[in-house]
Every structure is written in structure tokens, then in C-alpha cells.
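Comments concern the structure below.
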Amino acid sequence: SVTPIVCGETCFGGTCNTPGCSCSWPICTK
């Protein structure tokens, strides 16, 4: 399995502002 890279951003609305990151509630990963 691939270890997700944490983007250092939290996501409450389901979207992430950091480019290339996706919401894996409650944090953004890529």
C-alpha cells in the first residue's frame, strides 16, 4: 500500500486549496 502524503491542510467542506491534494477527511493528502 502507498503511504499518503499529508498536505498539512484540513478539509471540512470536502475541498483542498493545496494543488494536487484531495480531501481525505479531516485532512488533505496527495
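Backbone N, Cα and C atoms are what each Cβ position is placed from, and that goes for glycine too.
For Cys7-Cys21 (among others), the entry in Swiss-Prot reads disulfide bond. Within 10 Å of the C-beta of Cys7 (disulfide bond) there are 20 other C-beta atoms, taking all protein chains into account.
In the three-state DSSP scheme, Cys23 (disulfide bond) falls into the strand class. The feature disulfide bond is assigned by Swiss-Prot to Cys11-Cys23 (among others), with sequence analysis given as support.
Within its own chain, Cys16 (disulfide bond) has Cys7, Glu9, Ser22, Cys23, Cys28 as residues 6 or more apart in sequence whose C-beta sits under 8 angstroms from its own. The annotation disulfide bond is assigned in Swiss-Prot to Cys16-Cys28 (among others).
A distance of 10 Å separates the Cα atom of Cys21 (disulfide bond) from that of Cys11 (disulfide bond). In sequence order, Cys23, Ser24, Trp25, Pro26, Ile27, Cys28 are the residues of the chain that are 6 or more apart from Cys11 (disulfide bond) and have a CB within less than 8 Å of its CB.
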